[in-house]
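Beneath this line is the structure, given in structure tokens, with notes to follow.
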Amino acid sequence: MDELPYEIWIQIIDLLENPFNMLVSNKYTLSMTKYLKNINSFFMIFVEQGNLSWVKILHSQGYDIRFQNNEALKIACKYGYLEIVKYLYDHGCDIFIDNNFCLKIASERGHLEIVKYLYQNGYKFSNDSKPILDIAAANGHFEIIKYVRLLNPNNINKNGCIRMCWKIDNYDISIISYYYTDNKFKDNIYRATEYGNIEIIKKTWNKFCGNITVSNNLFKIAVVYGHLNIIKYMFKKGHRFPRQSNELIQIACGKGYLDIVKYLHKKGFSIVDSLLNIAGRFGHHDVVEYLYKRLKNVNLQKVITITIENDYLEIVKFFVTKENNPDEIRTYLILAHKHGHNRIIRYFDSLLIMTQQKLQSNLEN
């Protein structure tokens, strides 16, 4: 195998649709990766897939990971691949590239661990942090607002709570205001709920359980931060949030809290189409599957459009399979091209090829 000239092997490799299994067969073929015509495309695909092993392999063979203005780092931040972000940063990629794009896209997509990593490795809270807060707010990411706000060195109320007001439509959640509160009585129980400290809730329950406004606020906070144990405790103690309001189950769907969605549904909260749209908008596959099984006559085109626009490939695959309508593939492909979502573009391209091959086969038979 080693006796064939490079030129012959390169021609063979370029003819293969996926040459990588062969390339890793020995050191000789691995050394040819640098000569691949499509190495840039392959590298970006591996980053989009979260394949750290191949990112390391191609880098070890001389690939410039900062190619196209640190595009690989931007992609990793977008899709939440923390280990790839760490690797690229450790090997020279610039996390401040393009006016803090990495922090902005991670905040937009709700990747809290990447936001934390970026701040821990050079970002500082400043006036420049307001756009980050606004981006997180516009996309309903409570936990990022909380984290970034508490970085403010001028905040004298480090032990206070951040209260948020939000709005919800039939597929989106956004935060319209966020501010500190420092009422000692309320702040203690609000903060305890925010951080999931159920023991304080239990000890102080009799003090506030008769105050409907406070109880409702605590219930909302428990849902926002995913504290199912507090939600269960409040139900057990007789607290009842109005069933006609779907606000809380909408928040749970938007945050991806499947256990809370199930529990609220069990307690009488309705499952409606808008919940599916919200779960799809924020990329929560397990919640999407749970809701879909409990709905009838779902408007699949609507939710597929939402998930394409927001670049959640696995959910797109799930719904396209359920829809099973080849006539819509080109429409969806155009939408994916419009938003520049390469993973979804490749998926619909492959579906078109399969459809054309099936038609050709039927004609021949």
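Numbers run from 1 along the shown chain.
Just so you know, glycine gets a Cβ as well, placed from its N, Cα and C.
Record features, source Swiss-Prot:
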REPEAT    38-67  repeat 'ANK 1'
REPEAT    68-97  repeat 'ANK 2'
REPEAT    99-127  repeat 'ANK 3'
REPEAT    129-158  repeat 'ANK 4'
REPEAT    184-213  repeat 'ANK 5'
REPEAT    214-243  repeat 'ANK 6'
REPEAT    245-273  repeat 'ANK 7'
REPEAT    275-298  repeat 'ANK 8'
REPEAT    299-328  repeat 'ANK 9'
REPEAT    330-361  repeat 'ANK 10'
Ranked by Cβ pairs within a distance under 8 Å of the repeat 'ANK 1' (38-67), the first of 214-243, 275-298, 330-361 is 330-361
Long-range Cβ contacts under 8 Å made by the repeat 'ANK 3' (99-127), restricted to residues 6 or more beyond its ends, are 73-74, 77-80, 82, 85-86, 89, 135-136, 138-141, 143-144, 147-148, 151-153, 282
Secondary structure of the repeat 'ANK 3' (99-127) by DSSP, residue by residue, totals 20 helix, 0 strand, 9 coil
Tertiary contacts of the repeat 'ANK 7' (245-273), defined by C-beta under 8 angstroms and 6+ residue spacing from its ends, are 140, 142, 166, 168, 170, 173, 219-220, 223-224, 226, 228, 231-232, 235, 279, 281-284, 286-287, 290-291, 294-295, 298-299, 302
Per the Cβ filter (under 8 Å) with a sequence gap of at least 6 from its ends, the repeat 'ANK 2' (68-97) is approached by 40, 43-44, 47-48, 50, 52, 55-56, 59, 103, 105-106, 109, 111, 113-114, 117-118, 121-123, 311
Confidence over the repeat 'ANK 2' (68-97), expressed as mean pLDDT on the 0 to 100 scale, is 96
If one takes Cβ-Cβ under 8 Å and requires six or more residues beyond its ends, the residues near the repeat 'ANK 4' (129-158) are 100, 103-104, 107-110, 112, 115-116, 119, 164, 166, 172-176, 178, 180, 182, 194, 224-225, 254-255, 282
Taking DSSP helix as H, G and I and strand as E and B, the repeat 'ANK 1' (38-67) has 21 helix, 0 strand, 9 coil
Taking DSSP helix as H, G and I and strand as E and B, the repeat 'ANK 9' (299-328) has 24 helix, 0 strand, 6 coil
